[in-house]
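Engineer: Below is the structure I would like to discuss, written out as C-alpha cells.
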C-alpha cells in the first residue's frame with residue numbers, strides 16, 4: 001500500500017540528497033570571482049537574528065547591498081548581503097588584511113553583548129552555507145555544518161570577551177568536464193589573534209597601502225593556524241582590531257549534485273537509528289491500538305446489534321409488552337443533535353482544521369520527494385502560504401456544509417469566522433512580533449512591503465476562496481443522518497469517574513504524543529536551534545501515524561461515551577483528539593530549558609508565542625480528524641439498527 005512508498009521516501013531523504021530541478025549549477029573559471037555573502041547573525045539563546053553590519057565588521061567598498069531574493073527569505077529572517085571578502089577561484093590568500101576598526105564605547109558594548117549571547121555568523125558561497133571548523137571539548141578538530149560559526153568567545157579564566165578577527169576560509173571545488181570548477185564545500189575556521197604590523201606601521205584602516213603591508217603575527221606564505229597564535233584579540237573600548245582572512249582551495253571528488261549530502265546527513269548514523277527506532281515504536285503503538293479498537297468495537301458492536309435485532313423481533317411478536325433498550329441505542333434520538341455550546345465555532349474549527357491538515361500533508365509530501373530544498377531558501381515558506389490559501393476553498397466548504405446540517409442560519413458570519421479566525425490570529429501575532437523586532441532592530445523583522453504582500457494575499461486570495469467554498473457548501477445537500485432527532489433532549493445519567501468526559505479529554509492526547517515524541521524532538525531542535533532538518537520522509541510517516549492514532553482512540557472513546565448514554569460527542573471527539581496539542585505545548589515548556597535562553601522578555605514572547613500558534617494549529621488539525629472519524633463511525637453504527 002502507501003506505507004512502503006512512505007518508507008522509501010524516508011530512506012531516500014535520510015540517505016541521499018539529489019539534484020533539485022530549478023537550482024542551476026554555476027561553473028567558475030580559474031581566477032573568476034567567487035562571491036561570499038553574509039546572512040543575519042543568529043543566536044539560540046535570544047532567538048533574535050541581527051543584521052551582520054550591526055556590529056563593527058568590515059564593510060564592502062562598493063557599499064552594503066541586499067541580495068535576498070524572495071518573500072520566503074524575508075519572512076524567515078534571512079537578510080543576505082554582500083561582503084568585502086575577495087575570493088577568486090583557485091587563488092590562495094595568506095593573511096590578507098581586510099580593514100581596521102577602533103572600538104568606541106558603544107561598539108564595544110554591542111560587540112561584547114553579542115559575544116556573550118553566543119551569536120554566530122552565517123556566510124554563504126554559491127548558495128552553500130558555511131560549516132564551522134573548531135575544536136571540541138577534548139581538543140580534537142571538529143566540523144559542524146549547521147548554525148554557522150561564532151563571532152567570538154568569552155574566556156573561562158578572565159571572563160573577558162574575545163573576537164574572532166581572522167578566518168580561514170576553506171573552499172572545496174570539483175573540476176567539471178567543461179574546464180570550469182564547481183564549489184562543493186565551504187567551511188570557516190574562526191581564529192582570534194592580536195595583529196601587529198611589521199616596522200610599527202600604522203594603518204588608517206581602509207587605504208590600499210595597508211592591505212599590502214606584512215603583519216608580524218602572520219606568516220607570508222603559510223596559512224595561519226592556532227599553534228602560531230601568541231595573543232588573542234580582546235574586546236574593550238578604544239581597542240584597535242585588524243580583520244584578516246586566508247583562503248584555502250581544496251580539490252574534492254564530490255559532485256555538485258551531491259554537495260548538500262553532508263549538510264543533510266551530519267552525524268547521520270546515530271540520528272538515522274534514532275529515527276528508525278522512533279518509527280518502529282510508533283508503528284507498534286498504532287498496531288496495538290488498531291487491534292484493541294478492532295477487538296473491542298467489532299466484538300461489542302456485533303453483540304449490541306444482534307441484541308437490538310433480537311429485541312426488535314421480540315417486540316414485534318409481543319405487542320402488548322414493552323421491551324427495554326439499553327446501551328448506545330437509547331440515544332438514537334439525540335446522537336445527531338447539534339452541539340449545545342457554540343455550534344458555529346465548532347464548524348469554524350472543523351473547516352480551519354481541514355485546511356491546515358491538507359496544507360501540512362502536501363508540504364511534507366513535496367519536501368519528502370525533494371521539491372522543497374534547503375538550497376532554495378524560503379521555498380518552504382512560500383509553498384505553505386500558497387497551498388494554505390488555495391485550500392481555503394476546502395475550509396469554506398466543510399464549515400458551511402456542517403453548519404447547514406446543524407440548521408444554522410447565520411451562514412455569512414460562519415464563513416467570515418472561517419476566513420479570519422486562524423489566519424487572522426496568526427497574521428496579527430506575526431505583525432505584533434514584527435513591530436517589536438523592528439523596534440529592537442532585529443533582522444528578523446520583515447520589510448513593510450512584504451507584510452503588505454502577505455496581507456494582500458490573505459484578503460484578496462484566501463478570503464474569496466473561503467467564500468467560494470462556502471457557496472458550494474451551502475448549495476450542497478446537508479449531511480443525511482440515519483436517525484431523527486427528537487424535540488426534547490434526553491437527560492444524561494451520571495458517569496462513573498473513569499468514564500467522565502473530562503478524564504477522556506485530558507488523557508487521550510498522551511498516546512498520539514508518545515507516538516511522535518522522538519521525531520518532535522528533532523523538529524524542535526531544527527526549529528529553535530538552527531539545525532538542518534530534511535528527513536521529511538520520517539515526518540510523513542509520523543504525521544500519518546498521528547492521524548491514524550487520533551482517529552482510532554477517539555472512535556473508541558466516543559463509543560464508550562455513547563454506551564454510557566452520553567450523546568454529547570461532537571465537542572468531546574474534537575477535544576479528545578486535539579488534546580495532543582496540549583501535551584505538545586507542555587513539552588515545549590520543558591524543552592525551553594535546553595535553549596539556555598537569555599532573560600530577555602522578547603525571547604520568551606517569541607518562543608511561547610509561536611509555539612502557541614503551532615499547538616493551536618495542531619489542536620485544529622487533530623480535532624478535525626477526530627470529529628470527522630467519529631461522525632463517520634456514528635452514522636455507520638446507527639445506520640445498521642432498526643429504530644421505531
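Residue numbers in this text run from 1 along the chain shown.
Backbone N, Cα and C define each Cβ position, glycine as well.
Found this in TrEMBL, in case it helps:
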COILED    298-325  coiled coil
SIGNAL    1-17  signal peptide
TRANSMEM  276-298  transmembrane segment
TRANSMEM  345-372  transmembrane segment
TRANSMEM  378-399  transmembrane segment
TRANSMEM  411-439  transmembrane segment
TRANSMEM  451-474  transmembrane segment
TRANSMEM  503-528  transmembrane segment
TRANSMEM  534-560  transmembrane segment
TRANSMEM  569-592  transmembrane segment
TRANSMEM  604-633  transmembrane segment
Engineer: So, does the transmembrane segment (451-474) come close enough to the transmembrane segment (534-560) to give 3+ Cβ pairs below 8 Å, pairs being at least 6 apart in sequence?
Structural biologist: no
Engineer: Six or more residues out from either end of the transmembrane segment (378-399), which same-chain residues have a Cβ under 8 Å from its Cβ atoms?
Structural biologist: 69-76, 78, 347-348, 350-352, 354-356, 358-359, 362-363, 366-367, 372, 414-415, 418-419, 423, 454, 457-458, 461-463, 465-473, 476
Engineer: I'd like to know the mean pLDDT over the coiled coil (298-325).
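Structural biologist: Average per-residue pLDDT within the coiled coil (298-325): 57.
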Engineer: Any chance you could find the range in 276-298, 345-372, 503-528, 569-592 with the most Cβ pairs under 8 Å to the transmembrane segment (604-633)?
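Structural biologist: Ranked by Cβ pairs under 8 Å, first place goes to 569-592.
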Engineer: Taking 276-298, 345-372, 569-592 as candidates, which has the most Cβ pairs under 8 Å with the transmembrane segment (503-528)?
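Structural biologist: Counting Cβ pairs under 8 Å, the winner is 569-592.
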Engineer: In terms of Cβ proximity under 8 Å, which residues at least six beyond the ends of the transmembrane segment (276-298) contact it?
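Structural biologist: Contacts with the transmembrane segment (276-298): 10, 511, 514-519, 538, 541-542, 545, 548-549, 552-553, 555-556, 559.
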